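Read the structure below first, then the notes.
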Amino acid sequence: MIPIEKNEYYDVTFEDLTHDGAGVAKIEGFPIFVANALPNERAKIKVIKVKKGYAFGKVMELYEESKERIEAPCPIYKQCGGCQLQHLSYKGQLEYKEKQVREVLARIGKLDLETVKVHSTLGMDDPWNYRNKAQVPIGEREGGLVAGFYQQRSHEIIEMEKCLIQQSENDKVVQVIKGICQKYGIRAYNEQKHKGWLRHLMVRYGVTTKEMMVVFITRTNDFPHKKEIMKEITERFPNVKSIVQNINAKRTNVIFGDETKVIWGEEYIYDTIGHVKFAISARSFYQVNPEQTKVLYEKALEYAELTGTESVIDAYCGIGTISLFLAQKAKHVFGVEIVPEAIEDAKRNASLNEITNAEFAVGEAEVVIPKWYKEGNKADIIVVDPPRKGCDEALLRTILEMKPKKVVYVSCNPATLARDLHVLEQGGYRTVEVQPVDMFPHTVHCEAVAKLELIL
Ligand code: SAH
């Protein structure tokens with residue numbers, strides 16, 4: 001029996017937050033998810049949708065506020081949807097992320113939290129203006145250009161002069177380029193009509209070098225007033241080192257098209273994390289919060305406890321970021337990654353840093369690593385940093401056969417981390433400690449790194 005009805009009102013007390021930041025209240029044990037509600041808050045809610053095992057509601061009146069509730073600093077917080085936790089104090093956010101990790105490790109990972117040490121989330125001292133990459137859709141309103149974000153659940157572009165989690169330099173460049181384009185009569189892309197030219201602007205910022213890259217994502221191959229526009233941008237922003245055009249002629253929500261060309265300056269900008277320098281191209285994957293990336297990678301390095309004699313595999317290595325960190329302390333690192341361009345970048349980054357003990361291979365981790373193992377290549381330590389869906393079963397099986405003495409698991413999804421830790425625990429590993437790291441303040445995204453040791 002479902003104890004609630006659609007369109008009815010109920011007085012509830014929220015107990016928890018879901019992984020996507022909604023408040024959870026229960027009526028006779030039946031969970032109701034309500035946006036913008038925090039644990040310990042009392043409210044009158046209206047039930048708006050009822051499913052088999054849960055329901056959705058909305059707050060009609062907030063009777064009692066959480067002491068962690070704050071006024072979201074961003075004026076467009078509710079319309080945008082890019083952040084989900086600005087109404088929760090930063091301390092509350094860090095606690096929420098730790099709790100989330102603990103909860104899934106116990107429930108899905110079946111770990112005993114008396115023996116596994118789960119640390120407090122490592123947060124930022126100043127958790128604002130951290131994103132080094134802006135990807136901004138361009139539209140038109142009453143003849144003028146707008147640069148901003150898609151309003152939640154719509155395709156309307158809302159003007160955004162400032163994003164509080166974005167490097168302010170990126171916002172400034174977007175606004176100025178918008179003005180320059182406007183001056184030269186550049187037309188924004190129109191989705192419905194599939195007409196117009198400028199679809200998105202992307203800006204990347206190398207925080208340590210201050211170098212910037214601007215990418216124009218356009219519908220067609222031409223570039224009206226190219227010379228004048230390049231001149232104005234580079235005069236105004238001398239730290240713009242690279243201007244790139246990406247052409248996306250398709251009717252699609254996907255931002256980038258297949259063709260990318262440098263139209264002014266360099267192909268790469270540079271940034272450093274710790275002692276490692278990275279070349280970043282328009283299409284390279286690069287972590288968006290470099291300050292916290294350093295914290296995360298240092299933790300991974302610490303957990304690996306390298307002495308200089310170890311052979312290490314870095315699975316899901318991307319552009320080799322973790323591999324190059326590890327290579328400084330290991331005998332040899334083998335990185336594996338599915339995207340060929342990322343492996344090209346990884347190799348370039350290795351030589352850029354004169355790192356000669358790191359090798360990179362293109363392929364699926366779950367295919368390449370078992371093949372290495374069959375050929376007799378074993379690692380002392382395996383580091384994995386899979387996408388949200390976690391590690392492939394075949395990879396976990398190979399780890400259990402290969403028996404590296406340590407596994408360091410870097411995860412962007414606590415639920416799949418917990419699932420995979422359970423498999424590794426069943427196969428003879430023990431999770432020693434887990435460190436949540438806040439890579440994306442004010443959003444619900446939660447990153448964690450776990451250290452496992454072979455005990456059997
Ligand atoms: N360690 C890197 C990247 C982590 S993101 C960093 O910190 O920057 C996860 C990476 O896994 C992505 O680069 C993605 O392309 C890659 N990937 C996804 N599925 C894969 C698979 N089956 N085998 C190998 N790599 C994969």
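Positions of Cβ are set from backbone N, Cα and C atoms, glycine also.
Please treat TrEMBL annotations as automatic predictions, because they have not gone through curation.
The feature domain 'TRAM' is assigned by TrEMBL to 3-61. The average pLDDT the prediction assigns to the domain 'TRAM' (3-61) is 96.
Annotation source TrEMBL lists S-adenosyl-L-methionine binding site at GLN287, TYR316, GLU337, ASP385. Mapped onto three states, the DSSP output places ASP385 (S-adenosyl-L-methionine binding site) in coil. Neighbours of ASP385 (S-adenosyl-L-methionine binding site), defined as other CB atoms within 10 A of its CB across all chains, total 25.
The active site annotation in TrEMBL covers CYS412. A 10 Å cutoff on Cβ-Cβ distances gives CYS412 (active site) a total of 17 other Cβ atoms nearby, all chains included. DSSP gives CYS412 (active site) a coil state; it is part of no helix or strand.
Look at TrEMBL and you will find CYS412 tagged as active site, nucleophile.
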Given the binding-site residues GLN287, TYR316, GLU337, ASP385, which lie within 10 A of CYS412 (active site) by CA-CA distance?
ASP385
Taking ligand 1 as the reference, state which of the recorded positions TYR316, GLU337, CYS412 have a Cβ closer than 6 Å to one of its atoms.
TYR316, GLU337
Grab the S-adenosyl-L-methionine binding residues from the record (GLN287, TYR316, GLU337, ASP385) and give me their largest CA-CA distance in Å.
16
Residues other than GLN287, TYR316, GLU337, ASP385 within 8 Å, Cβ to Cβ centroid, of the S-adenosyl-L-methionine site?
PHE285, ASP314, CYS317, GLY318, THR321, ILE322, PRO386, VAL410
Mind giving me a neighbour count for GLU337 (S-adenosyl-L-methionine binding site)? Other Cβ atoms within 10 Å of its Cβ, every protein chain shown.
27
Based on DSSP, tally up the residues of the domain 'TRAM' (3-61) by helix, strand and coil.
0 helix, 35 strand, 24 coil
Under 8 Å by Cβ from GLN287 (S-adenosyl-L-methionine binding site), counting only residues of that chain that are 6 or more apart:
ILE273, THR293, THR321, MET439
